[in-house]
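Asks: Here it is: the structure, laid out below.
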Amino acid sequence: MQIPQAPWPVVWAVLQLGWRPGWFLDSPDRPWNPPTFSPALLVVTEGDNATFTCSFSNTSESFVLNWYRMSPSNQTDKLAAFPEDRSQPGQDCRFRVTQLPNGRDFHMSVVRARRNDSGTYLCGAISLAPKAQIKESLRAELRVTERRAEVPTAHPSPSPRPAGQFQTLVVGVVGGLLGSLVLLVWVLAVICSRAARGTIGARRTGQPLKEDPSAVPVFSVDYGELDFQWREKTPEPPVPCVPEQTEYATIVFPSGMGTSSPARRGSADGPRSAQPLRPEDGHCSWPL
């Protein structure tokens, strides 16, 4: 029985469709470089993020990038992986691996680093198909230092002065005060003496004193005699004397109860002489 053979053009077309750029370059038999891990020494403060960079050039579809930490027994402990390995749910979420946009660099970060995170770290690349290969990077060290509390900046206290210098300062201050007091007394004495001299000079010369706001006012008392001239009174013209009119009444008291005698009247208009009265008639006369 003869096996049918595919025509050559069909085989050529299948080969063209199945080929992609770099397929031969990514051959598993071709040697590839191990990843790089930097920086070699990373020092951070407690509570800050610590970030390493792992660079891997052979990023084919079938690879895994792991992040390791060396244990005290010199064994590798897997912290995180890219792509993320969901088969190990107990991993610490503080350790993260993130691919950068260029596709070859990966950030491996410790979020909020602790003091016990200090140690040795490295990254490892695993190629799965068609043959598994594992290559590790060089090791790097992480140091997490203690965070110190920020002490508020205090103003430097002045250095203590010696006792002799303090006594000198006190003596200087007291001397300055005494000197100021003496100067003030001298100024007041000069002002008062000048004011007194000006007062005496003004009294001697008879000139009025000029007002001095700084001088003490001095009061003087002068005694004199006041002379009032007598002014004679102007004689007034004589006033004509008008004779006063006086009326006289005579009351005659009769001697008997049954007899009566006529009364006599006199006035100033009549004659001045009065008629004689009888002795038996009692009478009293007074001016009206």
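For all residues, glycine too, the Cβ spot is worked out from N, Cα and C.
As annotated by Swiss-Prot, disulfide bond applies to Cys54-Cys123, with the evidence given as experimental evidence. Residues annotated as N-linked glycosylation site in Swiss-Prot: Asn49, Asn58, Asn74, Asn116. Feature annotation from Swiss-Prot assigns phosphotyrosine to Tyr223, Tyr248; the stated evidence is similarity to another entry. The feature motif 'ITIM motif' is assigned by Swiss-Prot to 221-226, with similarity to another entry given as support. Feature annotation from Swiss-Prot assigns motif 'ITSM motif' to 247-251; the stated evidence is similarity to another entry. Annotation comment: Swiss-Prot describes 192-288 as topological domain 'Cytoplasmic'. Per Swiss-Prot, transmembrane segment is recorded for 171-191.
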Asks: When the pLDDT values for the topological domain 'Cytoplasmic' (192-288) are averaged, what is the result?
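Replies: Mean model confidence (pLDDT) across the topological domain 'Cytoplasmic' (192-288) is 58.
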Asks: Enter the number of other CB atoms within 10 angstroms of the CB of Asn116 (N-linked glycosylation site).
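Replies: Its Cβ has 7 other Cβ atoms within 10 Å.
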Asks: DSSP three-state call for Cys54 (disulfide bond): helix, strand or coil?
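Replies: The three-state answer is strand.
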Asks: Consider the recorded positions Asn49, Cys54, Asn58 and say which one has the Cα lying nearest the Cα of Asn74 (N-linked glycosylation site).
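Replies: Closest recorded candidate to Asn74 (N-linked glycosylation site) by Cα: Cys54.
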Asks: Quick one: give me the count of other CB atoms within 10 A of the CB of Asn49 (N-linked glycosylation site).
Replies: 12
Asks: CB neighbours of Cys123 (disulfide bond) within 10 A?
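Replies: Cys123 (disulfide bond) is surrounded by 30 other Cβ atoms within 10 Å.
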Asks: Pick from Asn58, Asn74: which of these glycosylation sites has the biggest number of other Cβ atoms within 10 Å of its Cβ?
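Replies: Top count of Cβ atoms within 10 Å goes to Asn58.
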Asks: So if I draw a 10 Å sphere around the Cβ of Cys54 (disulfide bond), how many other Cβ atoms end up inside it?
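Replies: The answer is 26.
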Asks: Cα distance, Asn116 (N-linked glycosylation site) to Asn58 (N-linked glycosylation site), nearest Å?
Replies: 33
